[in-house]
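Visitor: One structure follows; several queries about it will come next.
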């Protein structure tokens, strides 16, 4: 693949975190680096193990493949390969691949002299994943509390965890996470729609300027966060959506063991409600 006109001057040595110049090269448009190699290794090994696990189950139906965590009786110990050990190895591979990918992003940022906003944003998603399969099981004393790798089995796990706390949507951190996901979608959909409407004119028309974009939102809601501000806002919303997702699950079990509706009893017990007001004169 041919380089774009400006790419060659940015393809310089240096900026690596590990390995020096050993893996400091590109394959086509893709920068490799040491962490590109480790990403490929972990991703390939994890994928092969998933398919091997599927072969042991006798199905390659993507809906039915299920790589389950060990039984709770194994606690935090190692399980036999076909009794949860495979899940443990695949979890290591997935974690290694995700972290390697983030560190590869760091190396690219260092080469270009950019900030680390992209790897930090990706780190929020990694933390959410690790909370589900590492941090929460550690706090609850068994790897069996992690979620299985499979489409239907994963959905069953989500349903079972929800019912274990009666109504999971009463979890206040879950409320925040869902709100942030929807708000992120709304903010970036509005932003994307605005840019397309301003910068993708019909044939023969001129593209509009950022002043048009700012004026639209001032007319629309009375305020414009600005062309840079909308990206800061979207970044903040998206990161918080991932982090509050991690918080909502890690407090379910290690911190709060009852049904989530019971958590709201503090609201009913607040003194502001007081005693019922007596009716005067039968009115």
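Each Cβ is built from the backbone N, Cα and C atoms, and glycine gets one as well.
Not my notes, these are from Swiss-Prot:
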- 154, 174: (7R,8Z)-bacteriochlorophyll b binding site (BINDING)
- 191, 231: Fe cation binding site (BINDING)
- 217: ubiquinone binding site (BINDING)
- 33-56: transmembrane segment (TRANSMEM)
- 85-113: transmembrane segment (TRANSMEM)
- 116-141: transmembrane segment (TRANSMEM)
- 171-200: transmembrane segment (TRANSMEM)
- 226-252: transmembrane segment (TRANSMEM)
Visitor: Ranked by the number of other Cβ atoms within 10 Å of their own Cβ, which of the binding-site residues 154, 174, 191, 231 ranks first?
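Guide: For the binding-site residues 154, 174, 191, 231, the Cβ with the most other Cβ atoms within 10 Å is 174.
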Visitor: Can you name the far-off residues of the same chain, 6+ from the ends of the transmembrane segment (171-200), with a Cβ under 8 Å from a Cβ of it?
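Guide: Cβ under 8 Å, 6 or more out: 165, 207-209, 212-213, 216-217, 230-231, 233-234, 237-238, 240-241, 244-245, 247-248, 251-252, 256, 260, 263.
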Visitor: Cα of residue 154 ((7R,8Z)-bacteriochlorophyll b binding site) to Cα of residue 231 (Fe cation binding site): how many Å, rounded?
Guide: 33
Visitor: Who sits close to the residue listed as 'ubiquinone binding site': which same-chain residues at least 6 apart have their Cβ under 8 Å from its Cβ?
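Guide: Once residues fewer than 6 apart are set aside, the residue listed as 'ubiquinone binding site' is near 194, 223, 224, 225.
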